[in-house]
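Here the structure is laid out as structure tokens; the discussion comes afterwards.
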Amino acid sequence: MKLINTFATELPWACEPVVPQPLREPRLLHLNRGLLAELGLDGVSDTDWLACCGLGQPLPGMQPVAQVYAGHQFGGYSPRLGDGRALLLGEQLATDGQRWDLHLKGAGKTPFSRFGDGRAVLRSSIREYLASEALHALGIPTTRALVLVGSKEPVYREQEETGATVLRTAPSHLRFGHIEYFAWSGQGEKIPALIDYLLRYHFPELENGAELFAEVVRRTARLIAKWQAAGFCHGVLNTDNMSLLGLTLDYGPYGFIDAYVPDFVCNHSDPDGRYALDQQPAVGYWNLQKLAQALAGHVDGDALATSLAQYEHQLMLHYSELMRAKLGLTQWEEEDPALFRQLFQLLASQGVDYHLFLRRLGEVTGTGEWPASLLALLPDPDLWQGWLELYRVRLTREGGEDAVRKAQMDAINPKYVLRNALAQQAIDAAEGGDMTQFERLLAALQQPYDEQPEYADLATPVPQWYCGGELSCSS
């Protein structure tokens, strides 16, 4: 392994040194061995990972720090947030030259913990581990999970739970909130150094802050387009949870939709639906506006405005490409928006499972009967006849072989999705000491487009009573 600490040494004013705190009777629950090997960390023993992530004993060369940042939370500005329970242990320099943060969540109190205990619970740690690996397998930019450690440490949320840690990794955990903190705390002179750090280590192909902001806009637009196409709701899109690298960051009360509910809210702390599924594109733009305001004075205002003006076009362009691919369409036609709109209206009014519908839609052929597996999903198949006929006519104009189209659709419409019901089953078993369900679910999610008949029980509709469940922010 090759550990470096560029953030801690080059931006010492943006972090505080912190000693991680040990958990009571920690136990190693999972290692992402494939990813560890990719990062050149496969030489670290299981014992050392347990010591690092559970016993408060960083590996040689690590300099743990908690980063400081601010953020707009549910529309209101919080001037000083920071890593309240996570530590940047160091950065691994992989064989290809890419830097990878080693970021330990649940490591104990930091100067930014405020009234928190600095801990993470097993429930939320499992959810983060599963989600980061699931989104990665779906091709959605995200932080990744390396190590999961459980313990007998009592942690109090709505009820008593047990403490855990997740070692997560990404090229950087820099957020919109990092820029905001220095912009609005009277330390604006430090923003050029942050921009320079980002350009040198993460955007070497770019030359200045204007180009950097344009790229952040582009990446944010594409990320949210991918979320929308995948039916993924983040749940807490505060600016401190927005990555400057365009990654899915900080998994809290997230959720994939089951039945198609456009205004799906997965966070019960969001009664007004500010961060509902269908609001994510607009929230992304609002957050980028706040980032632009923080950069004003350091980046040309006209350049900021020009980049912001491109956001909606970039998001809709990528989203349209993704949805056409999900329907097996390779060409754009003027009627496509109407075709999509009618589909979404039917899905919503009928409460049809979004993921299973798209997966089984791939079985439609140019002629013959409608697939029985598809019809079985529809409460009232007669209501669908008009749309299905339009879709078949559209496929006929496209041409191509049915088998080829099905293979292409299967490669973008997952069979296995991280449904909250499945995650909860894995959590319940893990809290009882059984990691088997977690292991099975993780394995299925890491190959979401493959048939994997041994995991077929994980690809069935969830009970109707569970659909649309909201979750707590507590973790």
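Yeah, the Cβs are placed from backbone N, Cα and C, and that goes for glycine too.
According to Swiss-Prot, the protein carries these features:
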{"type": "ACT_SITE", "residues": "D240", "note": "active site, proton acceptor"}
{"type": "BINDING", "residues": "G82, G84, R85, K105, D117, G118, R168, R175, D250", "note": "ATP binding site"}
{"type": "BINDING", "residues": "N241, D250", "note": "Mg(2+) binding site"}
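Overlay of Swiss-Prot annotations on the structure.
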residue	record	DSSP class
G82	ATP binding site	coil
D117	ATP binding site	coil
R168	ATP binding site	strand
D240	active site, proton acceptor	helix
D250	ATP binding site	coil
Quiz item: Which has the fewest other Cβ atoms within 10 Å: R85, R168, the binding-site residues listed?
Solution: R85
Quiz prompt | the residue listed as 'active site, proton acceptor' and D117 (ATP binding site), Cα-Cα, nearest whole angstrom | solution = 19
Practice problem: Can you grab the distance from the residue listed as 'active site, proton acceptor' over to R85 (ATP binding site)? Cα atoms, rounded to a whole Å. | Solution: 14
Quiz item: Closest to N241 (Mg(2+) binding site): which of the binding-site residues G82, R85, R168, D250, going by Cα position?
Solution: D250
Quiz item: Quick one, of the recorded positions D117, D240, D250, which Cβ has the fewest other Cβ within 10 Å?
Solution: D117
Quiz item: If you draw a 10 Å sphere around the Cβ of N241 (Mg(2+) binding site), how many other Cβ atoms fall inside it, taking every protein chain shown into account?
Solution: 22
Quiz item: Which residues in the same chain, at least 6 apart in sequence, have a Cβ under 8 Å from the Cβ of G82 (ATP binding site)?
Solution: A66, Q67, V68, Y69, T110, P111, F112
Quiz prompt | Recorded ATP binding residues, G82, G84, R85, K105, D117, G118, R168, R175, D250 - maximal Cα separation rounded to whole Å | solution = 23
